[in-house]
Amino acid sequence: EAECAYTLCVVAIFWLTEALPLAVSALLPAFMFPLFGIMESKEVASTYFKDFHLLLIGVICLATSIEKWNFHKRVALRMVMLVGVNPARLTLGVMVSCAFLSMWLSNTSAAAMVMPIVEAIAQQIARAEKEADALEMSCSNGSINPALELNGRHTEQFLSLPTLALQPNICVNTHIHTVYLCSYFISGFVLPVYFTQAKPTSPEYKLYVSGQKSREDKYSGVFKVMCLCVAYSATIGGLTTITGTSTNLIFAEHFNTRYPTCQCINFGSWFILSIPITVIILVLSWIWLQWLFLGFDFKNMFKCGKKKTAREEASTQVIQEEYKKLGPMSYPEIVTLVLFILMTLLWFTREPGFIPGWSSLFPEYSGYATDSTTALLIGVLFFIIPAKTLSKTSNGENTVFGYTPLITWKEFQSCMPWEIAILVGGGFALADGCEVSKLSDWVANKLTPLGSLPLWLGILISCLIVTSVTEVASNPATITIFLPILSPLAEAIHVNPLFILIPATLCTSFLLPVANPANAIVFSYGHLTIMDMVKAGLGINIIGVAVVMLAIMTWIVPIFNLYTYPSWASNISSTSST
């Protein structure tokens with residue numbers, strides 16, 4: 001036990017400090033266990049590649065094709081167009097788009113895909129507002145902007161046209177002079193332009209300048225909210241599916257390996273338990289970010305039928321222009337979409353639980369097919385199906401072209417997260433070493449007094465411990481360290497292991513450490529400060545823990561019958577005791 005504990009501490013220290021790359025640190029058990037006589041080298045080597053890795057390979061094949069053919073960009077832009085460009089709805093659209101992408105891609109990839117779109121919107125808004133502000137400043141000093149000439153006539157002539165005189169809301173009497181409002185097109189956007197003869201020293205001018213500053217603060221807040229929406233929704237969306245984030249995959253593989261007779265954690269069951277959690281956290285996080293940076297004005301957030309502001313017009317145009325650049329859906333995009341839908345359906349229908357799934361068609365091979373079987377089956381098709389169809393000449397003959405599949409091996413290699421694959425393998429090696437050396441049983445016996453605490457308090461303590469570590473360590477490393485400890489703990493206090501493992505996994509997933517790649521990508525665009533991320537993250541951390549605790553004590557209970565100690569856990573306990 002002491003030799004295994006020493007190995008675990010060494011690996012954990014290297015993971016927490018990242019003195020070596022995570023994957024390199026994960027290789028330490030491969031030679032430390034044989035040297036300490038804990039496990040043979042062949043046994044350790046076999047733990048570094050399991051069913052998890054096959055599932056990861058199949059998912060990365062899909063992600064590679066999605067990224068290569070820009071299907072992710074089409075999905076993101078279409079979702080934003082559906083919700084509109086009102087500030088609140090725009091940020092909500094960004095969150096939903098990024099969260100949906102992160103269900104199927106890595107969190108880092110989702111953030112990297114959506115941020116360029118957000119940055120383009122931000123730049124277009126800033127440019128339009130800058131031009132409008134410059135125009136207002138010029139007119140407030142009594143000068144005539146020659147850019148406002150229409151067919152050789154100045155703005156005074158334009159404003160005196162009968163068509164404008166018929167509109168009473170065009171002219172507003174003030175204490176300075178009459179303020180004229182017209183619509184002026186700048187770079188294709190309709191902007192409100194005010195013509196006054198205010199003096200720079202007048203109170204009204206000072207009020208104007210003060211309004212300009214508050215407007216800039218507001219636009220800065222909008223940019224910050226959109227950036228933070230990308231950072232947090234990329235992680236929140238990953239909670240929804242087993243393949244959405246590495247921590248979910250590590251949990252599923254650990255659970256199915258330790259409790260092989262359970263077979264209750266699969267793509268469908270995880271989606272059912274996590275989709276309400278994801279939706280609630282996403283909505284509450286959106287409200288929190290709105291209130292923190294923009295103020296929660298419910299009436300204006302959902303206003304309908306009102307005229308769009310300059311910023312909304314700018315946002316609409318840049319989104320529409322980006323979508324038009326994509327053109328109609330190409331043949332590779334259509335094939336990728338079909339394979340994506342097929343993979344998802346096969347995952348959901350393998351063992352849905354409430355009805356027999358397609359795996360029941362092979363009763364003599366019960367338990368043989370897993371989610372990785374489906375992922376690999378569809379993943380291989382990406383290397384077989386050609387990237388373009390045969391085109392015919394005018395006489396009806398097929399033209400000859402070089403065969404190119406939807407994705408190539410080099411493209412797959414560039415997207416494959418080998419570091420995560422080796423890191424997870426190291427975690428499996430540590431878990432097996434803890435079992436063989438009986439270290440996990442020793443730790444569980446020392447933690448048995450926690451069984452006297454109320455169940456909800458024990459779950460909360462385990463979540464807080466995990467979340468405290470994940471603030472200074474990577475998410476995969478944290479969950480890899482704690483799963484082998486929490487599983488025997490649950491068995492020792494005679495509690496369904498899922499009661500402790502599910503909330504611990506979820507809390508590790510959504511609480512973002514400082515070195516989170518998705519955060520780093522968003523932060524690199526320069527719209528955020530460290531304090532912005534700290535303020536926003538604190539609130540979302542509290543929201544996440546509260547929602548997970550609510551879920552594990554309510555709707556997740558009947559899904560897995562959590563209040564009953566299962567037979568598959570009893571078998572493990574009796575084996576360990578023996």
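First residue shown is number 1, and so on along the chain.
Using the three backbone atoms N, Cα and C, a Cβ is placed for every residue, glycine included.
Taken verbatim from TrEMBL:
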TRANSMEM  12-36  transmembrane segment
TRANSMEM  48-66  transmembrane segment
TRANSMEM  86-105  transmembrane segment
TRANSMEM  222-250  transmembrane segment
TRANSMEM  270-293  transmembrane segment
TRANSMEM  330-348  transmembrane segment
TRANSMEM  368-385  transmembrane segment
TRANSMEM  455-486  transmembrane segment
TRANSMEM  498-526  transmembrane segment
TRANSMEM  538-560  transmembrane segment
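Contact check: the transmembrane segment (330-348) against the transmembrane segment (48-66) gives at least three Cβ pairs closer than 8 Å, residues 6 or more apart, which meets the contact criterion. In summary, the transmembrane segment (48-66) does not lie against the transmembrane segment (270-293): fewer than three C-beta pairs, each 6 or more positions apart in sequence, are under 8 Å. Taking pairs at least six residues apart, the transmembrane segment (270-293) and the transmembrane segment (368-385) share fewer than three Cβ pairs below 8 Å and do not count as touching. The largest share of C-beta pairs under 8 angstroms with the transmembrane segment (12-36) comes from 455-486, of the ranges 86-105, 222-250, 455-486, 538-560.
Between the transmembrane segment (222-250) and the listed ranges 86-105, 368-385, 455-486, 538-560, the one holding the most Cβ pairs under 8 Å is 86-105.
Long-range Cβ contacts of the transmembrane segment (368-385) within its own chain (Cβ-Cβ under 8 Å, at least 6 residues beyond either end) map to 51-52, 54-55, 57-62, 64-65, 242-243, 266-267, 335, 339, 342-343, 346-347, 350, 359, 362, 405-409.
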